[in-house]
Amino acid sequence: MLAFNSSDISAFTFNAVDYTVFILMLSISAAIGIYYGFVHKSENTTAEYLHGGKRMRTLPIAISLVASQLSAVAIMAIPAESYSFGINWAFNVIAMIIIIPIINYVVIPVFYNNNISNCYEYLEMRFNSKTRDLMTLSFVGNLCFILPLYMFIPSLAFAQVTGFNIHFINGIVCSICVFYTMVGGIKAVVWTDVVQGTVMLTSVILVFVLGIIKVGGFGEVFRLATDGQRLDINFTFDATTRSTFWNCFFSAIVVWTSYVGMNQSCVQRIVSLPSLKHAQRSLFLFGIGFAIIMLLNSLTGIVMYARYHDCDPVAAGFVEKADKLMPFFVQDIMGYLKGMPGVFISCVFSAALSTLSASLNSLAGIVYFDYIKPRIKHTESRANFIMKSIVLFTGLYCIAAGVIVEKFSSIIQMLYSITGVTFGAVFGVFLLGMLVPQSHGRAAFCAVAASMLTMLVIVLGAQGRISYEPLPTSTESCINGSNLMQDYENFTSLLLMDSPPKESFNILNISFNWYMVLGASVVFIVGIPLSYILPPGKDAKFDPKLLSPVIQPLFRYELTRADELPEILIKEIPKS
């Protein structure tokens, strides 16, 4: 049986070796920025700053994509999710078998075939400028909400094991990230991601393996997790249940397809590769790496439960909330190994830095080309100066916004609520353009607006209503734990909020895991009929090159008269 003694908690701290490892990781990241910004300096052009002159390599881009998608949320919050609510979140990983083919063969070829480096440019080419402006605005707004969240989480972990002020650490690390992103451009972003991705993979594997050894082997983990209901798979169709096979699997398809294949921070790196074949290989490697690390993170939460099955650190008062469990767990299982806690904290910061740097770089490009360039006299040097300034000011904003993020309770729930307003619309509008030849700008704009408005109402209306009771935990074997017999209802309120009384189904009570799927569905439900009901605008563009290659063989655009808009005809399939 596991037993904790509160007098041992003081041992859960950083030592000199840990600090050295952590500082070394930050120094390497800064050094890469200095190298690409001052030593190996390329042409001072926007193409070089944002796309590396389209000379990037397959494997580094794949690693960079993995690193930037595995934010600190993945390292900290996903194990906490499995610990509290069981294994169902792992079905996000299985969805990769569908996600990668969609991105590789439906989405990315369209960007390469039309020489598109800004994914929102596609929306203007396919639909109209209003649709592009709306989606660009949602991208910028979304980043403004989630970037402080991504950056604050590792500071939370660092404060847990060192006692340092969270905001002080947040400021220092954000400043380093801003520096190397600002001076080094996309090359610095990608190569720091390679270093940080290596640190992440090493750390995640170490924590997982050492955790299993500490519990007593995989068989013991399996037994304890099964007894604690952590391996129960939920196949219920109840839309209000937090995590089920259905909502985790289908939300993953929408989330990761839109986040990797339709989000500028990723598309910018994908199209920096010299050819479509290079991009497809890179995305295939990304899918493998992403699945491995995400699955390990999810399973680490199960190992963590097996370790604390009879002495929950949250209920016992050792840890404030479940989202802070990972650093506690790491110190517990490998605090005796000099430097290992430092490796883990470096892993968490690496995840955050890779996400932040990629987002800052793409945000600078979007803001400049969509909002600033049309209003000034453009020169390459002026453009680079403005983009670097945008990176700087966004970094300062992320530091300041940490004060608000500190008040959040469940990280995953908050993240899905923020992105739930826009990610479904992103997924829907791109596939509407690529797979529905009859769709046009007026229909697309109305569909996107309807989706975002619907989800905004649901997300805002759900605040204060939605809560989820974690699976049972125990404190029977804790020794001298502070607040040892803390009331369980108080524990659940610390994790999320007090559970509301049961009531009949209300759309506002739908699980946040369904937000993206619902948002995408609204786009198709509104957009497809309106494509037939509303006449297209006078500036409507019907170019078969803007359709996905999987649909192009079935359709062609043909003008009936020179002064008329084109109509779409189904191609006759030749008889064999």
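Positions of Cβ are set from backbone N, Cα and C atoms, glycine also.
Sequence annotations record features per position, and here TrEMBL assigns transmembrane segment to 20-38, 59-78, 90-113, 134-153, 165-183, 190-213, 244-262, 283-306, 343-364, 385-405, 411-436, 443-462 (among others).
In summary, the transmembrane segment (411-436) lies against the transmembrane segment (90-113): three or more C-beta pairs, each 6 or more positions apart in sequence, are under 8 Å. Residues of the same chain lying 6 or more positions beyond the ends of the transmembrane segment (20-38) and with a Cβ under 8 Å from any Cβ of it are 14, 173, 176-177, 179-185, 187-188, 191-192, 195-196, 199, 339, 342-343, 345-346, 349-350, 353. Same-chain neighbours of the transmembrane segment (385-405): 46, 49-50, 143-144, 147-149, 151-152, 155, 166-167, 170-171, 174-175, 177-178, 181-183, 356, 360-361, 363-365, 367-368, 372, counting only residues six or more beyond its ends whose CB sits under 8 Å from a CB of the stretch.
The highest tally of CB pairs under 8 A with the transmembrane segment (190-213), across 90-113, 134-153, 165-183, 283-306, 343-364, is held by 343-364.
Tertiary neighbourhood of the transmembrane segment (443-462): same-chain residues 123, 126-128, 130-131, 134-135, 138, 417, 420-422, 424-425, 428-429, 432-433, 507-510, 512, 515, 518-520, 522-524, 526-528, 530-531, 533-534, selected by CB-CB distance under 8 Å and a gap of 6+ residues from either end.
By number of Cβ pairs under 8 Å, the transmembrane segment (343-364) is matched best by 165-183 from the list 90-113, 165-183, 283-306.
Below 8 angstroms of C-beta separation, residues 82, 119, 122, 245, 248-253, 255-257, 260-262, 267, 270-271, 275-276, 279-280, 283-284, 286-287, 290-291, 294-295, 298-299, 430-431, 434-435, 545-550 of the same chain, each at least six residues beyond the ends of the transmembrane segment (90-113), sit close to that stretch. Nonlocal intrachain contacts for the transmembrane segment (244-262), taken as residues 6+ away from its ends with a CB within less than 8 angstroms of a stretch CB, comprise 65, 69, 88-96, 98-99, 102-103, 107-108, 119, 233-238, 270, 283, 286, 416, 419, 423-424, 426-427, 430, 511, 513-517, 519-520.
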